[in-house]
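Visitor: Attaching a single structure in structure tokens format; questions to follow.
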Amino acid sequence: MEHIRTPKVENVRLVDRISSKKAALGTLYLTATHVIFVENAPDTRKETWILHSQISTIEKQATTATGCPLLIRCKNFQLLQLIIPQERDCHDVYISLIRLARPVKYEELYCFSFNPKLDREEREQGWMLIDLSEEYKRMGLPDNYWQLSDVNRDYRVCDSYPTELYVPRTATAHIIVGSSKFRSRRRFPVLSYYHKDNHVSICRSSQPLSGFSARCLEDEQMLQAIRKASPGSDFIYVVDTRPKLNAMANRAAGKGYESEDNYSNIKFQFIGIENIHVMRNSLQKMLEVCELKSPSVSDFLWGLENSGWLRHIKAIMDAGIFIAKAVSEEGASVLVHCSDGWDRTAQVCSVASLLLDPHYRTLKGFMVLIEKDWISFGHKFNHRYGNLDGDPKEISPVIDQFIECVWQLMEQFPCAFEFNERFLIHIQHHIYSCQFGNFLCNSQKERQELKIQERTYSLWAHLWKNRGDYLNPLFRDDPSQTQGTLHLPMTPCNFMYKFWSGMYNRFEKGLQPRQSVTDYLMAVKEETQQLEEELEALEERLEKIQKVQLNRTQVKSKQSEPSRHSGFSTSDNSTANTPQDYSGNMKSFPSRSPSQGDEDSALILTQDNLKSSDPDLSANSDQESGVEDLSCRSPSGGECVPSEDSGKDRDSDEAVFLTA
Amino acid sequence: MEFAELIKTPRVDNVVLHRPFYPAVEGTLCLTGHHLILSSRQDNTEELWLLHSNIDAIDKRFVGPLGTIIIKCKDFRIIQLDIPGMEECLNIASSIEALSTLDSITLMYPFFYRPMFEVIEDGWHSFLPEQEFELYSSATSEWRLSYVNKEFAVCPSYPPIVIVPKAIDDEALRKVATFRHGGRFPVLSYYHKKNGMVIMRSGQPLTGTNGRRCKEDEKLINATLRAGKRGYIIDTRPLNVAQQARAKGGGFEQEAHYPQWRRIHKSIERYHILQESLIKLVEACNDQTHNMDRWLSRLEASNWLTHIKEILTTACLAAQCLDREGASILIHGTEGTDSTLQVTSLAQIILEPRSRTIRGFEALIEREWLQAGHPFQQRCAQSAYCNSKQKWESPVFLLFLDSVWQILRQFPCSFEFNENLLIMLFEHAYASQFGTFLGNNESERCKLKLQQKTMSLWSWVNQPSELSKFTNPLFEANNLVIWPSVAPQSLQLWEGIFLRWNRSSKYLDEAYEEMVNIIEYNKELQAKVNILRRQLAELETEDGMQESP
């Protein structure tokens, strides 16, 4: 709390991003964990909550007649523009947030104070929900070819790897240690995914320290061992996910890539995925496009192209597709690496696994996939997502890209995934929120040292508890597409990759489809389930009554069934929405500013009610268009499905237009 | 003329048909007066049945004695026929060319087509202007039907019956017609029951350079305003274009002469600019060689989505004037037969729940496009593959359908129809066995005696068996105005039209099926539960009766 210079500023304006006409007047609060804006409008009192850890940049702009503008950009792509009347207050808020958004110790992060009111046992069970040992067992391991190795016990060989690793049976400790010395950060080749149908594996590592000519017998033996572990194929692919030029440049630094001359029976392949710096800049450029105020179609498409973002997404997908084909069609094992083997390698291995194995397309399986390929194998969450104050050059949207790849697949295979878009969006949100301990730190070792599991809660348990919100109603667990590999065309079908406005413009509800097919179908399915139950009950009673009548025993059965609600039509009445600014710059319509309530809002923010409020609801943004929220279509009586961006957000525009 | 003269080789064996996503088929190619048919020899079932009028362009190539004809269709499909024998190939190619470009309408297939289905409801009488007017007349007495154009003498592109302000007599209408482009005097397009405001449409006023005015015109449109109210005139052209039009005798309403009206200029493109946009877009969609970036820039360069955005924005603006500002509007561009109709019809989609039903949408097409005199014959003569630059082709109607699709995508539960209805209308506007889209206006259709000689598209569509294909399972009546987003992030390429032949829709079809199953199963259970509940209630009252005495 010592970093908060001013806990409360009144008469702050929250500017609407889409139409500049409307700005909500309210009070801004700074707490130890959140920035909170509460609107004055007495009927709504809309609250916008932003976690400090979500704050990406804070920009203080030149003071104008109306006040001092403060722009807060969030890592979950929310953009908040505030106008603070006094320059001094703005400065205080700015300075406070600069510090609050860049914690220096893990202990400052929200997960250490977040308390979802679960007891110890529940917390421990939560952490046990996803179990990687179980996952390796599910893959059919250990078997005749692969065994669990204890070589990395106490992180002795590689401190960014987990302790539980699968390696070929023929790879001795000597080979492993030798190989690890020939690999960047000692990240030697280990198993990532095992395709038990044909004994083919996807392995991962970092780049070899080959320089221009160096060799390492043990490393060569390691690759041989991997090849021999899949007896059906006489070669393995070595996929270097970097552009060839980058890999070659690395040779000068004593690193590099495998030479087909030195390693027998490998087929070497470059797949040009750009590095984290290119990706960071690309996202930056794309977000600038998303931020444009009423862009033309050309501005938008040109900017999207110029950002290169979809080209990068496609490169990652192409790599994943290549590997999935090698495994399922050619029956050849693949060793994947990039430089350190924790960014592009994680992306590519997980995309390939997702294509190959329907298990990863289920809710739990997807959690397992992230736990395995990202968390356990030392993807540097802290550095990449800037949880603690650090080198800004380490920050890069690596897992965001993977999450987008999944969304692109969901668009192309609508029945293949058990989960829906909201699931992906919430995972993305929590990678940055630091509300749960799962994504803290840079490696398993660090997490163990911090005793994360004893001190924080697991996101997976939270998501699993609310799994009803995350189901894809179209998911089919029987037919062709969930069985085995998803087949994507290798030919360049560029038009398959689309801009994901549900993610990058997700706080601008006005830009999203106004009715959600997913929510509608979920409501129908829920009702169907109730109907099934009722049908059964009715049949039972009918049978009973018939029997009773047959026996002429006159027992009066009570009419207890309430009359059913008629379908889902009630909530449709709320399909109110307001037009956007269609008139452009023309002054044909006088702007109608909402009558601002001047009453002071007296909100008491105790730490207690802070904690009790569902943090998932904290991400409200002010929106242009108050369209009906179809998540309210739950047949059980209009109760809102909790979702982090629907929530209590009632639109006031309608009223403004009507009273005007 | 006999078709036989044009068909030099009616039949060739061992022709191989290539289509994307299908294995090649070898079979016998037959040419008839209106169709190109390929049937595989194995089981003698037709593999391909293509209307000549659907053919937009053909290319031919030779490798030795093997000829190849590439057929590019108006629905953007591209198929390839390998024909053994150079002479056969040349004959087939020249026959196709001749048969696909017949210049006499009466030789077109609709005049020969005999339906195989029983006509339950004759579509030619499904949407009579009198019936449409009845929907309004219950709400207002300020409007009347006028038969002034009975002989098509006042306005050749208007239908015989139009709706005009009650206060204006036919004599005044005749005078106004001389002051409006193509005789298209202002008529009622839509009456907003919620507040009594209206959308009118017309051609541009013929003010010319010396600012000609017409008292009757001013009186007519003022007659639509309530006391003390102002209205908006939406000119679909930018101001400079409207100004330039004066040199050719056209122009726009001077504020001095129409003081109660405020003019708004928008810029919806017309004619060849739209046609070129379509050609570029289809080219980009068919070119699979370029990389991701190239795709986006070609999509951008086509400007297609820019046109969609402009059209939708103007329609939203019109709807906003009506619903939010409580003001009546008059819409026109130059002729009032293209962009004007896009705007009036889309505004109705936004405002009027009825136009989002199947029947209501058909009525809208009939009223705002066919009877309103959109020159379908000219606009849809050629499609995206046509090389000869003719002046009149323009995908105006396709842009309208695409705009409807964009709204449908944003409000997937608010339309009674699905994407298939829009795709079907696109196909039939360009090539059809039905007479509905023949001719450029009602006058031409009358002369062609289409009602007597051809079948209406609506007769076919409105059969229950066909309707089910076009019904949106997610539909729930939504009586509110629906405001779409026109931001570029919200506009998407209509894959169902433009990538239809370039991507497999297998998984999307599966998803649609699954959706239908979920909803059907729900309805089935609902019905069962209702039956049981009734049975139970009956049994229980019987029970009660037995008990009471």
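Each residue, glycine too, has its Cβ placed from N, Cα and C.
What TrEMBL records for this protein is below:
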DOMAIN    A:126-504  domain 'Myotubularin phosphatase'
BINDING   A:Asn275, A:Ile276, A:Cys338, A:Ser339, A:Asp340, A:Gly341, A:Trp342, A:Asp343, A:Arg344  substrate binding site
DOMAIN    A:307-351  domain 'Tyrosine specific protein phosphatases'
ACT_SITE  A:Cys338  active site, phosphocysteine intermediate
REGION    A:550-660  region 'Disordered'
Visitor: Sequence gap of 6 or more, C-beta under 8 Å: which same-chain residues meet both conditions with respect to A:Asn275 (substrate binding site)?
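Guide: For A:Asn275 (substrate binding site), the qualifying residues are A:Arg242, A:Asn246, A:Ser339, A:Arg344.
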Visitor: Given the substrate site residues A:Asn275, A:Ile276, A:Cys338, A:Ser339, A:Asp340, A:Gly341, A:Trp342, A:Asp343, A:Arg344, which other residues of that chain have a Cβ within 8 Å of the mean position of their Cβ atoms, reported in sequence order?
Guide: A:Ser206, A:Thr241, A:Arg242, A:Thr345
Visitor: For A:Cys338 (substrate binding site), which residues of its chain lie six or more apart in sequence with Cβ-Cβ distance below 8 Å?
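Guide: Counting only residues 6 or more apart in sequence, the Cβ neighbours of A:Cys338 (substrate binding site) under 8 Å are A:Ser206, A:Gln207, A:Asp240, A:Thr241, A:Arg242, A:Ile273, A:Arg344, A:Thr345.
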Visitor: Taking a Cβ cut-off under 8 Å, which residues six or more beyond the ends of the domain 'Tyrosine specific protein phosphatases' (A:307-351) line up next to it in the same chain?
Guide: 160, 184-185, 187, 189, 192-193, 195, 198, 200-207, 223, 226-227, 229-230, 232-233, 235-242, 246, 250, 255, 266-267, 269, 271-276, 278-279, 282-283, 285-286, 288-289, 360, 369-370, 373-374, 377-380, 384, 396, 398-399, 401-402, 404-405, 408, 484-486, 488, 490, 492, 494, 497-499
Visitor: Averaged across the domain 'Myotubularin phosphatase' (A:126-504), what pLDDT does the model get? Just tell me the whole number, please.
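Guide: A mean pLDDT of 93 is what the predicted model shows over the domain 'Myotubularin phosphatase' (A:126-504).
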Visitor: Going by DSSP, is A:Arg344 (substrate binding site) sitting in a helix, a strand, or coil?
Guide: helix
Visitor: What are the helix, strand and coil residue counts for the domain 'Tyrosine specific protein phosphatases' (A:307-351) according to DSSP?
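Guide: So the counts come to 31 helix, 5 strand, 9 coil.
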Visitor: If you measure every Cα to Cα distance among A:Asn275, A:Ile276, A:Cys338, A:Ser339, A:Asp340, A:Gly341, A:Trp342, A:Asp343, A:Arg344, the residues said to bind substrate, what is the biggest one in Å?
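Guide: Greatest Cα separation within the listed binding residues comes to 12 Å.
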Visitor: Test of understanding: give the count of other CB atoms lying within 10 angstroms of the CB of A:Trp342 (substrate binding site).
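Guide: The answer is 27.
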